Amino acid sequence: MGRYVVQRMGYMVITLLIIVTITFFLMQLLPGTPFSNPEKLSERQLELMSAKYGLDKPLAIQYMTYIGNLIQGDLGLSFQSEGRTVISMIGDRIGPSALIGGQAVVIGVLCGFILGVISALKHNTIFDYGSVFVAVIGMSIPSFVFAALMQYYIGVQWGLLPVALWKDYSYSIMPSLALSAMVIATVARFIRSEMLEVLGQEFVTTARAKGITEFVVIIRHVLRNALIPVVTVLGPLTVSIMTGTLVIEKIFAVPGLGEQFTLSILVNDYSVILGITLFYSALFIFIVFIVDILYGILDPRISMGGGKKDAA
Amino acid sequence: MGETILSVDNLDVSFQTNSGLIKAVRGVSFDLKKGETLAIVGESGSGKSVTAKSIMQLLPKQSTRIDSGSIVYGGNDLLEYGNKEIEKIRGKEIAMVFQDPMTSLNPTMKIGKQVMEGLIKHNNIRKKEAKKRSIELLTEVGIPYAEERMNSFPHEFSGGMRQRVVIAMALACDPKVLIADEPTTALDVTIQAQILNLMKELQKKTGTSILIITHDLGVVVNMAQRIAVMYAGEIVETGTLREIFYKPKHPYTWGLLQSMPKMHQDQSVPLIPIAGSPPDVSLMHDGCPFAARCPYVMKVCHNHKPDQTQISVTHAAACWLEDDWAPEIKQPEKIGGVSNS
């Protein structure tokens, strides 16, 4: 297990390095320069500015410098916001995004789980059809539609929650709900189909034949086995929530990381684009890593680190 | 034989499927005596497993209905029991061993825990004692290093070993009745013999009655004292091992025995299969279910269901040939490896 973790860490670093490299060079293809109005700058000013940010050096040197700084944990300075480090910019913006995303995942997983379990246990009844209906709606309607509908009804018509902006906790509720719709739908559908499959398996009958109560059968034998595949979708799902925040943050005017990301792409703020890309990638890779570890814990048939377990 | 411990009477079970109602079990009756082994023999889809599972109410509730009949155990009709009551019977009084040991154990649970589960529920004992008892049980069913193996997962066992675990689980609470639903079908031949011997040995020790469900006549000869032959949801013939193998009365039983390979058989003579295939139980008519495939079929067979005719105290067959009015027919020469007397 320990060896496996170290090995995975190694792969994670390599993956990140590849992502940084590709992003770094791709960014050079973006039209324009990091300076907002280069035509207004004199030759001398441009030179000075370029020298300050190291843009006068050959690309290869720029790349090596960036990687060198990165290893020391330095993501560089913003080209646009005077004197701000990329790390501090991410730090300022991460709070709202994490709150919205985290709440959306928690709401989504909880509601999806409950819907899915009810659906499977009450298979082919009105409860089942009801939750399948909810799941299909959540799956097929994009989150910005929910967002707009909620803003109109909850925010404007009923005045229950603030329509947009970011002042206190209540401002985070609607964005989280809008984001969670897709999570609810995905988790519910998955739990339902996995549970139905497990319920049909013989070991569930064996468990019942032992005389333990149906509740214990469901909790101990069915859920545990049904959860294994669900954990695997949670990784990609969390990531789609992360990218989903781009749109939602825009709609609700939340000062989050997604909004910052779109902004820096528009103004060619190279170091910020690189920094946020790197941050998103690292998060993604880390989540996938956690999911893999969880998978190994939940399913004993998967052994970590290639160490073969003795077979009879 | 001794007193009756489990009595199934006139059991009717039907399934709701997309193609309509299927009467999978029709009017099945049999008694299981204390300490004996009764085999229910029949081909796939004859309703053997459904009968076995309905005893413990293990059939899916949404799609199955037990239309009529009774299953009497300990003076009470199990079919009238609610969830709480049947849970006390399951595992404690009547236990079950399933067909495929590859799928009948929970893949994510240590086998020790799976054995202990029933013990803790029924015997009201603490974990420590349950653990001790489980190790004893696993040793009893022939699992070496049982104490260490308690922490193994099912995938770390071979098929035969898993079936031993399943048997240990079933016998954990000293059940009075053990239902074995095709316990050796999924195992290879050498392991089959081991598992059957194990079950016989354990039966000798504990005096458990065994109801074994199988399509394998070899298993029957090894295990059972009495046999019930099932066809298309009905029991067509019952009798002792000797009666069924030496003096079978139902043409379906003849067919079954004829299609079984024999040790000293001339290999150039092909086995004789039963012509045709089992009827679609959803399209059942009023007559004998075997009429369409029976080489001795008469007019009456198509329209009227034959009653069980008692041939001896222990032997009965549901066939019009046993009726007083039926013509004498010549039974096939060789059945069951013995010439007919």
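Each residue, glycine too, has its Cβ placed from N, Cα and C.
TrEMBL lists A:12-30 (among others) with the feature transmembrane segment.
If you look up TrEMBL, you'll see A:94-295 marked as domain 'ABC transmembrane type-1'.
Taken from TrEMBL, the feature transmembrane segment covers A:98-121 (among others).
What TrEMBL lists as transmembrane segment is A:133-154 (among others).
The feature transmembrane segment is assigned by TrEMBL to A:169-191 (among others).
The transmembrane segment annotation in TrEMBL covers A:226-252 (among others).
Per TrEMBL, the feature transmembrane segment maps to A:272-298 (among others). Here the transmembrane segment (A:272-298) has long-range neighbours at 5, 8, 12, 15-16, 19-20, 23-24, 27, 66, 70, 75-76, 78-80, 86-87, 89-90, 224, 227-228, 231-232, 234-235, 238-239, 242-243, 257, 260-261, 264-265, 304, meaning same-chain residues at least 6 beyond its ends whose C-beta is under 8 angstroms from one of its own.
For the transmembrane segment (A:133-154), the most Cβ-contacting stretch among A:12-30, A:98-121, A:169-191, A:226-252 is A:169-191 (pairs under 8 Å). When Cβ-Cβ distances below 8 Å are used as the criterion, the transmembrane segment (A:12-30) is approached by residues 59, 63, 66-67, 70, 265, 268, 270, 273-274, 277-278, 281-282, 285-286, 289 of the same chain, each at least six residues removed from its ends.
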